[in-house]
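Features of the protein shown, as given by Swiss-Prot:
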type: REGION; residues: 1-408; note: region 'Carboxyphosphate synthetic domain'
type: BINDING; residues: 129, 175, 181, 182, 214, 216, 221, 247, 248, 249, 291, 305; note: ATP 1 binding site
type: DOMAIN; residues: 137-334; note: domain 'ATP-grasp 1'
type: BINDING; residues: 291, 305; note: Mn(2+) 1 binding site
type: BINDING; residues: 305, 307; note: Mn(2+) 2 binding site
type: REGION; residues: 409-551; note: region 'Oligomerization domain'
type: REGION; residues: 552-954; note: region 'Carbamoyl phosphate synthetic domain'
type: BINDING; residues: 718, 757, 759, 764, 789, 790, 791, 792, 832, 844; note: ATP 2 binding site
type: BINDING; residues: 832, 844; note: Mg(2+) 3 binding site
type: BINDING; residues: 844, 846; note: Mg(2+) 4 binding site
type: REGION; residues: 955-1102; note: region 'Allosteric domain'
type: DOMAIN; residues: 955-1100; note: domain 'MGS-like'
């Protein structure tokens, strides 16, 4: 059945900001789908609030709305654009929930919009836990196996407590309906835990419903990815097995494709159940993902859940098999059937052929517990990882070791040196699933644990345990051999050992091992991911390395540019860097180069097989990159390697690559050092005559104390060379300085600690610019809403700046040019300034693409990353202006007066983390970056743009109700006017005694509320935290002070997170919110597409 002719335009809903559980994989699937639909001649309308995505680029859809993904805003877009259909299955849970609520409240019917890709009945059957139970029972009646875990549905805490007895006692699993990434779920071992987990679950579920289930801890966990069309063709795209048993969320588990430990009969059984379920649920134009548990003792199969949409696993399955699930789902949604869709990779086979794999894929999660030191690091059914790396090998051991190496984290690879630990202690530690459990298991094996002991402690399948023993045996052979011969090195390489690991075991430097290996002629070959185990020829070069026989890299004539990606997402280095890499690939391809992408992150657009001419799915380590450069140099000429776009990961390789004779283009490694190294950068500033805050470098506590005494407190303390502000802190007195140095840093002459004067009350400014060696193009000037001292990645900012004048911009332009010239930048540079009093201080400069590049590009309608890639390879700004890649005149510092105002807001993952006592993690922002993603609000005035950014990040600002205010003494004066505005808008104020007193003296009424530390009053008056928990507060303003009032504030802020009440922690944010509330109350908040904004800007420029 060919494409439907009754659909001319489609609205696609994206997934919004990157949060834990819903990350870059939805940008990847959404981008693919928009392209396919556009190629089919449909008008594509997209809504997504996340500016760091490729899908929100103006060329991907016909009309792109960077607006909050809420039913109210989506309705405005539908009213304006009048699409025929709505496709909600590509934007994760956010899109699905929004679509369902718009179906339920009649908006879709009112405007005659049809849901495609999944019908409401199918979505409900898949997502509603009770209905899904019915589906599984119906399947069991038909085919005789597959069942659900025993469970009860609860709508109140009383139901929950009673439910435990029905199931036969603890432990029980709590799962809320319609949430994602396991939000609000967990294992409860006693009543206290149950009350806490179920309480949060009832709050998070949009239907206030949780399911209690019997515990299946320790069972084996599997997933199947399936697709079905309306002719009832079903394909099983991929089977995935979790290395960790049940009890760890699949997003936090190491996973393997294809499944390794299923017998053929068990696999056929899972297939039968899966196919029966997709039919019973009624998914008939798209894909779904089904999770199973198998009891290792008797083979009982339990169906855990299904997602009737494109999911995190489908991105992994697409990258693992080369079968583009999202692309095919989009085609099915507009009426095609599987047998009509050709396979892009072979061009011979249709999509109804199931992919076959002649390799093994391993995904390993990347965590960020170091950012939340108080959080409980146990892995549970709530997802906590922030990113993932994927590796491909010819066998499991090779893929596993490559995946662990790809995580780029200290201690992520297996270590076979160092003292052997105590077996009993290590086994006891391995019982609790944590981030590095696989390494603990390896240490236990080193300490003499047997396979049975490891299985009893961890319940990890004996086959996997056996593979770990095999890796350990190879390490022992390496250690005991008299000399390193060719056979031994080749064997170690086939099991995934890196040169560094071999060197560690033999007591040699990594480069020495590499020399020996090359002298013996042992190098990897590159194999193709072809979907068909080499039965048909593959047309797309998508490679992985292996120590095998023949290489499949074809010769080429065009000069190649190798772009190094950013590896697994983490806090501080996310999708924004991937965005710049993808843009570089597009721009250089247009300019006649062959583009080669190197990356190992399965969630991203950069690792899509049609983003670049060639893709290497490999770890970003020096060894792996050098081998790729070698393989490509045999294939044809290399124009250079780009390291400045992928964040800190490739930047850290630049000097070593250059030392190995690799041509690094753009900013030179020496220039990178001049900006990153404190001393060298200080000299650049001195030559340009620019002030920086007073600072010093200390290698002992005595030195640090002396510097702090001279500069004066508060001071900012941090280790040198860091991304995302790791380990920074604002220190107010000497005792805290002493504890910071003893607790948190390895301090030594080679690893000094930097002590800076902390600029209180300064305005922080971010600048993105391009420099070609002679001319500067100012990309954009962003003014931060929060004051200096909050990491720029966590602060909201506005572009164009809202309070800076023409004179300030002139100074910023001159300073930026001075620094770019002094450092020697070719391409992008990002500089952070602080304006304190009348002095413009330089805080830091990064000679690379920054995380604000996508935001700046969208806000000013100029593709900065594309321009940067061209400049790295020799183009000048003047040439790019003539070509039309940059505006003919003016730049981001001279935007027209009526340019729209864009506000970027950071999104935090607070609700995911709890400490071991189950308390939340404090939400106060500081100099260490903790956000996982961002949203953008764009409108003609600041108030509305800010209100949109808040709605996109945390849910809409309240326009009336009760506001609670409690601020530090230093903020009391500046809080009076915004507080008076809130009253004018009809808010009722509540405040703690100190704040209420100041308000009253200024003629503002506020009800006094008890602090948490004062406890409940004699007549049962509630404390503020009780008011929040009881849902009696709509807005919270709470600024932290010192360390005394810290605890009260902490209780208030964590309660706000648990109940999802907007909580502002700075007076600046309150002032912005008041402008936003004002804009909302005066109604008429409209929506405009990026294309309309861009037309307006371009017209004003000419």
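In case you wondered, yes, glycine gets a Cβ from its N, Cα and C as well.
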Binding-site residues compared (248, 759) - highest count of Cβ atoms within 10 Å:
248
As a test of the contact definition, list every same-chain residue at least 6 positions from residue 214 (ATP 1 binding site) whose Cβ is closer than 8 Å to its Cβ.
149, 150, 151, 167, 168, 172, 173
Would you kindly give the Cα-Cα distance separating residue 221 (ATP 1 binding site) and residue 844 (Mg(2+) 3 binding site), rounded to the nearest Å?
47
What whole-number Å value do you get for the CA-CA distance of residue 305 (Mn(2+) 1 binding site) and residue 832 (ATP 2 binding site)?
47
Counting only residues 6+ away in sequence within the same chain, which have a CB under 8 Å from the CB of residue 291 (ATP 1 binding site)?
221, 222, 223, 250, 303, 304, 305, 306
Nearest-integer angstrom distance between the alpha carbons (Cα) of residue 248 (ATP 1 binding site) and residue 832 (ATP 2 binding site):
40
To the nearest Å, how far is the Cα of residue 129 (ATP 1 binding site) from the Cα of residue 846 (Mg(2+) 4 binding site)?
49
The region 'Oligomerization domain' (409-551): mean pLDDT?
92
Out of 307, 832, which of these binding-site residues shows the lowest number of other CB atoms within 10 Å of its CB?
832
Can you tell which of the binding-site residues 307, 718, 759, 832 lies nearest to residue 846 (Mg(2+) 4 binding site) in space, using Cα positions?
832
Do you know which of the binding-site residues 221, 305, 844 has the most other C-beta atoms within 10 angstroms of its C-beta?
221
